[in-house]
Amino acid sequence: MNQSVHQRMQELEQLLNRYNQEYYENDEPSVPDAEYDRLFRELKTLETEHPDLKSAQSPTMKVGGKPLGQFRSVEHEVPMLSLDNAFSVDEFEAFSKRVEQRLDTNQTVTFCCEPKLDGAAVSLLYENGLLVRGATRGDGQSGEDITENVKTIRNVPLKLSGDVPERLEVRGEVVMPLGAFERFNEQARQREEKVFANPRNAAAGSLRQLDSRITAKRPLHFYAYSLGLISETTQLPDSHHQRLLQLKDWGLPVNIEIKTVDSVQGCDDYYEAILARRDTLNYDIDGVVFKVDSIRLQQDLGFVARAPRWAIARKFPAQEQLTTITGVDFQVGRTGAITPVARLEPVNVGGVTVSNATLHNADEIERLGVRIGDCVSIRRAGDVIPQVVSVIKDKRPENTKAIEFPQHCPICQSDIERVEGEAVARCTGGLYCAAQRKEAIKHFASRKAMDIDGLGDKIVEQLVERDWIKSPADLYRLSKAELATLPRMGAKSAENLRNAIKATQETTLARFIYALGIREVGEATANALANHFKNLDALIAAESEQLQEVPDVGAVVAKHIVAFFHEAHNQQVVAELREFISWPEGEEASSVQSDRLSGNTYVITGTLSTMTRDEAKSALEALGAKVASSVSKKTTALVAGENAGSKLTKAQSLGLDILDENALAELLSD
C-alpha cells in the first residue's frame with residue numbers, strides 16, 4: 001500500500017515541478033490552474049496522511065520557480081511567499097477558526113479584502129523615494145532583476161511624493177488589462193507574431209524581456225498590494241488597509257476594490273459581490289484574498305513553509321478546465337462565416353456545464369495543432385463563448401483524427417470562399433443559404449436597399465421561421481391573406497404591407513445591386529457599379545479586371561462580386577427576383593446632377609439641424625462628391641454638426657477643413 005502511495009506522491013511531485021517550471025520560468029503553462037490546484041491538493045492530502053513519505057523538496061514547500069540565468073539574481077530580504085487556498089465557504093470558515101484559536105482571543109478579527117489579480121508578482125524597491133530596483137518573486141527567496149522593464153510600466157512611479165521611508169519595498173501585481181490584451185493579440189495576429197493564451201502569460205512574458213524597449217510597448221498595469229522591507233525608523237499604521245491607502249498617497253496605484261470587514265459573513269458577502277462583478281472588471285481575477293488587517297496580529301500568527309497563517313485566497317470557480325474533443329461541427333453564421341465548433345465531453349467550467357467550444361477558424365486549428373480525440377484546455381469567461389485555448393499533447397491518445405475543413409457549406413452546399421489575408425471562411429450562397437436567410441432578407445428590405453415600408457425585423461423573422469420565404473423573391477409571392485395571419489397584423493396592415501412590397505417592383509439598378517448584399521458592396525459602390533455597367537447582365541458577366549476599372553472597386557471587392565454571381569444558387573435567386581423587379585436599363589443609376597464636386601471626398605459627423613445626414617449625403621453626391629464614413633488624409637473636408645466626436649478630433653489633427661452647417665449650405669448653393 002505504502003509503495004503505491006509513495007509512487008503516486010513521486011508522480012505528483014514530478015508533474016507539479018514541471019508545471020511550476022512552465023508557469024513561473026517559461027510563462028507558458030500547459031495545464032489550467034484548476035488542474036494544477038487539483039494535483040497540488042492531492043499531494044498535500046497524501047503528505048498529511050503519510051508524513052513519513054513527504055519529501056523535503058516537495059512542491060508544497062516551495063514558492064514559484066528559480067530565477068533564470070539571463071537575469072541578475074536578487075535576494076529578497078523579506079521572503080515573497082505564496083498563499084494557501086480555500087475553495088469553499090467551509091474551508092474559509094476553517095481558516096478563520098484557526099486564526100482565532102492561534103490568537104487565543106475573543107476580540108473581533110478584522111479582515112482586509114482584495115481581489116486576487118491573475119498576473120505576475122513583482123517587488124519594487126524605493127530608496128529616498130526613488131525607484132532603484134524591480135524584481136520578480138522567483139522562488140520566494142530570490143528573484144530576477146527586471147528594473148529596466150518595470151520602469152517602462154506607465155503607472156509605476158519612478159519617484160514617490162510626500163514623506164516616504166528611507167527604504168521602502170512595495171509588492172504588487174503586474175497585469176495586462178483585458179481590453180488591451182485583446183487589442184495586443186489582434187495586432188500580433190495581423191503581424192503573424194506570437195499571440196498569448198491569456199493576460200497572465202502576456203504580463204509575465206512582457207516583464208522578462210531582455211530588451212526593455214519591447215516591454216515598453218506592452219500595455220501593462222501595476223497594482224500595489226503589500227509592503228515588504230521598510231526602514232526600521234518608519235512609523236506606519238497598524239492596519240494593512242491603512243498602509244495601502246498610505247501607498248496611494250505616496251503615488252502608488254492601489255486597487256479601488258479593497259475594503260475591510262469584521263466577520264466571516266462579511267467576507268462571504270464580499271466574495272459573492274466580487275464574483276458577481278468578475279466579468280465587468282477590466283482585468284483577470286481568480287479569487288479574493290482575505291488578510292488579517294492588524295499588522296501586530298499578523299506578526300503573532302507568523303508563517304508556515306510557503307505561506308502566511310494570516311492570509312488565504314478564496315478561489316473562484318475555475319474558468320479553465322481539461323476535457324476531450326469528441327468531434328467538430330461547422331456552424332454557419334448570419335453573415336456566412338464558417339466557424340468550427342468542438343464537441344466536448346461535458347465539463348463544469350466556471351459553474352456552467354460546457355459541451356461545446358469554438359475553434360474560431362482554420363488558422364486557429366492549425367496554430368493549436370488540435371485533433372479530434374485530444375485532451376484540451378477549455379476557457380469560459382463571463383458571456384464569452386467557451387473556447388479551446390491549448391492542447392495537452394502529452395496526453396494525446398494514438399487514435400486521434402485530423403480536423404478537415406469543409407469545401408462546401410454544410411447548410412446549403414454552396415462553395416466556401418476564403419479571401420487571401422482573411423482568417424474567416426465564408427459560404428458564398430448568401431441569398432440562398434438558410435443560415436443567412438434572415439439577415440439577407442432584412443438587408444434586402446432595408447431603407448437604403450429596396451425600402452419596403454412596414455417590413456420590420458420581427459416580421460421577417462416570423463416569415464422565415466414559418467418557412468414562408470426562403471429567398472427575397474418569395475416576398476413578392478406573399479398574399480394578403482397569408483400576411484393577415486401573422487401576430488398583430490390584421491387585414492388592413494396586411495394590405496398595407498402587400499402594397500409596400502408591390503411598390504418596390506419598380507426600382508433602380510443601384511438599389512437592386514445594393515439589396516443583393518454582396519460582401520463589401522455598399523451603397524456608394526453599388527451606385528458606381530450601376531453607373532459603369534448600365535445593366536445587370538453586363539455586371540454579372542464582368543471579370544475581375546473589368547470590375548477594377550470602376551472607382552473604389554479593388555481586387556478584394558472584385559473577387560467578392562465575381563464569387564457572388566458565379567455561385568449557382570445566387571444566380572437562381574437573382575433570376576427569380578428579375579421576374580418581379582424592373583428598373584430603367586441603360587440609364588445613369590445615380591442622382592448626380594453636376595460634377596462640380598467631382599474628386600472631392602467629404603465625411604459627415606454630429607447632428608445637423610437643417611437637414612438629416614442622409615439628406616446632406618445625397619446633396620453632396622448629387623454634385624459629384626464622394627461621402628465616406630471615416631476620416632483620412634484623402635478627406636477633402638469634414639462636415640461637423642453638434643456633438644461631433646472623434647472624427648472631428650482626427651480631422652483637426654490632420655489639418656483638414658471643417659465645415660459647419662452654414663458653410664455646407666454655401667457649398668451646396670454655389
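Yeah, the Cβs are placed from backbone N, Cα and C, and that goes for glycine too.
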Binding-site annotation, Swiss-Prot, NAD(+): partner of D33, A34, E35, Y36, D37, S82, L83, E114, R137, E173, K291 in K217, K248, K315, K393: K315
Neighbour count (Cβ, 10 Å) for C427 (Zn(2+) binding site): 29
Secondary structure at K116 (active site, N6-AMP-lysine intermediate), reduced by DSSP to three states: strand
DSSP-derived class (H/G/I helix, E/B strand, else coil) of L83 (NAD(+) binding site): coil
Overall pLDDT of the domain 'BRCT' (592-670), taken as the mean: 82
Binding residues D33, A34, E35, Y36, D37, S82, L83, E114, R137, E173, K291, K315 (NAD(+)) - maximum C-alpha distance in whole Å: 26
Residue with minimal Cβ packing [other Cβ atoms within 10 Å] among the binding-site residues D33, E35, D37: D37
Distance, L83 (NAD(+) binding site) to K116 (active site, N6-AMP-lysine intermediate) (CA atoms, angstrom): 11
Which same-chain residues, if any, lie at least 6 apart from C412 (Zn(2+) binding site) yet have Cβ under 8 Å of it: C427, G429, Y432, C433, A434, A435, H569
Among L83, C409, C433, the one of these binding-site residues whose Cβ has the fewest neighbouring Cβ atoms within 10 Å: L83
